[in-house]
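Asks: Below is a structure I'd like to ask you about.
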Amino acid sequence: QVLLVFAEEDEQSNGFRWACDKAGFRCNIARTPQSALECFLDKHHDIIIIDHRHSRYFDAEALCRSIRTTKASENTVIICVVQRHTDREESSILPLISAGFTRRYVENSSRMACYNELIQLEFGQVQAQFKLRACNSLFTALEKSQEAIEITSEDHVIQYVNPAFETMMGYQIGELIEKELTEVPINEKKADFLDTINSCIKIGKEWQGMYYAKKKNGDSIQQNVKILPVIGQGGKIRHYVSISRLCNDNNKVEKTCECIQAESQTDTQTCRHKDMRKGSLDVRSTTSRGSDGSSQRRRSSMARVHSMTIEAPITKVINIINAAQESSPMPVAEALDRALEILRTTELYSPQLGTKDEDPHTSDLVGGLMTDGLRRLSGNEYILSAKQTHQVAGSLSSPISLNDIPPRITQAMENEKQWDFDIFELEAATHKRPLVYLGLKIFARFGICEFLNCSESTLRSWLQVIEANYHSSNSYHNSTHSADVLHATAYFLSKERVKQTLDPIDEVAALIAATVHDVDHPGRTNSFLCNAGSELAILYNDTAVLESHHAALAFQLTTRDGKCNIFKNMERNEYRTLRQVIIDMVLATEMTKHFEHVNKFVNSINKPLAALEENGNNGDGESIKTVLRSPENRILIKRMLIKCADISNPCRPREQCIEWAGRISEEYFAQTDEERRQGLPVVMPVFDRNTCSIPKSQLSFIDYFIIDMFDAWDAFADLPNLMEHLNNNIKYWKGLDGRNLRVLRPPP
């Protein structure tokens, strides 16, 4: 396919058009850079011819650069038509090459000249590009091969190994590329054996036989090996391709594979000579050290990919299952196939909803909370408060001291150490400013100012700035919710098992993370922001949009003004550690990773602790400490702690649970109203204020997100009072649903 880009029709464009017809090429014509780019992205032409003779119409080099920025242009030949100048010196072609042109064509409107140019392109650059395009398929075949494959240069320098090689030999590709083959130790038998192999491959013949290879860990393994020389430029051997399979004790070849490079331990080898196929692919262009920058990047990219994935536990599991399938009866092999399909999904931790009988309340909740939305379906844009001026310390009145708190507020906070503490009473007493007062008391109890080496006035200013940047207009995601999560976090931190596990810096990070975890929340879900094309969704690439914003804004608000910078006196490394923990905990509140966090907690902490108890090691402090205190498990515990604090509403006393249910429902109702008003996709259609059943929505949320998580957290932290509230609240919502009531409370 050919695309002609000429601003006006003239003899030159007509010449190329005639040439396309004669050659049997499909031809499109574009008059403007925009139409040219759109046409190319639609058709993916093999050849593009751009008129560079008249700069007054458009910038040909700029158009070429625009085309080259697209993925589709990777194998496209772009020709530049330039003016013929007989009265001045020949100009350099380098600017055209830099712009992305493949070659230039000095204007010649002769039809046969145009035809000859196209034919030369077809059998030259275009055909070469077709071969390069096919290389992607060849590399895919190599990557997926069950046999271990190694490619070396004529100097026996390793150029490529496939995943089967890495897996079975214990190496990563980055450890091997550009390294010379390990020399075989010389003795009489081994020298003879090596000479036998070389006598085959040096004259262009294939060698096949069996010998032992040594893995990275030192283990020796027997292999069936085939080594093939590859004839390349100048009719010389340019590469060697080695293919190997693992043999069992009976020399029976198994499906799992091994690399060929290693120490030989047998002299009973056979050698079969075969003529090399003359048409063998010359892989030098894609793998040799003498290749161009593009192939170097290709090799480097492959090395990075393998170093990231080959050692992953899931990869090892898949390889084990693949090997097991070979010797399994058909029903077992088919069952393993189904298991592999599940394991290869990216959503390993997310339960799959049914398609027919699933409760719409559950599917809507899951869709709204665990996805990043549909792509934008309208021209409407939702502008979050990214443009609004955030409150800073200097714009706020001086906060009150902890010693001067009014009696009503002091009374409202009397039992803040208890789980049944009523946050709504404090909200009323503080005129919707509970975070400053509760924060001052809890932070004082945990000695936060002493740890941070900051004054109480700095802490007060910080709390006031953070609270001022919560939206009081939100029915749910406001500073009362933040104060509630802070209270739950402090309560969990006081539990004995948690105190055994976390360090002081973890406690400080948890309390700060709870305070800021929803700052500047717009009262809309991530899915809504992504669908609306909001500035924040664009900024954070539709991924953990709100949670990323909360964490980033919290540090911006804190560090921009010394009056509220609670971190200003910290030592640099300690601050970096604290900051990292805070960010990790805030990001953990994002619901798309909910099941991943819960499952990792269960498998890494709950189950090992249970096993210790079952084995009679309940009193073995060292064994328990090993489980609790490992850095990886402490991260999981902190994530679980803030997740449970964030959505603990169903575990609160009934009246608080009901109030929170009404508030979150109202926020979802408002979102649905706005989605319909703006013509956006409705993320949670079930949250229509005219038809929604709040009891059903609560039961769905509890069943899907809460029960398993709090069972696991209770098993760890021992929270019988929370579980009792949860069971009572489930009975309450079921009672309303059983009477087909859709409201928060039964009628009087």
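Including glycine, each Cβ sits where the backbone N, Cα and C put it.
When I checked TrEMBL for this same protein, it listed these features:
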{"type": "BINDING", "residues": "His481, His517, Asp518, Asp646", "note": "Zn(2+) 1 binding site"}
{"type": "COMPBIAS", "residues": "270-281", "note": "compositional bias 'Basic and acidic residues'"}
{"type": "COMPBIAS", "residues": "284-294", "note": "compositional bias 'Low complexity'"}
{"type": "DOMAIN", "residues": "134-204", "note": "domain 'PAS'"}
{"type": "REGION", "residues": "264-305", "note": "region 'Disordered'"}
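Quick one: where do these features end up spatially?
Replies: The local packing around Asp518 (Zn(2+) 1 binding site), expressed as other Cβ atoms within 10 Å of its Cβ over all shown chains, amounts to 24.
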Asks: Which one, from the binding-site residues His481, His517, has the smallest tally of other C-beta atoms lying within 10 Å of its C-beta?
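Replies: Selected from the binding-site residues His481, His517 on minimum Cβ neighbours within 10 Å: His481.
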Asks: Determine which residues of this chain, when His481, His517, Asp518, Asp646 are set aside, have a Cβ within 8 Å of the centroid of the Zn(2+) 1 site's Cβ atoms, and list them as they appear in the sequence.
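Replies: Sorted by sequence, the hits are His477, Ser482, Val485, Ala514, His521, Thr589.
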Asks: What mean pLDDT does the predicted model reach across the domain 'PAS' (134-204)?
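Replies: Result for the domain 'PAS' (134-204): average pLDDT 75.
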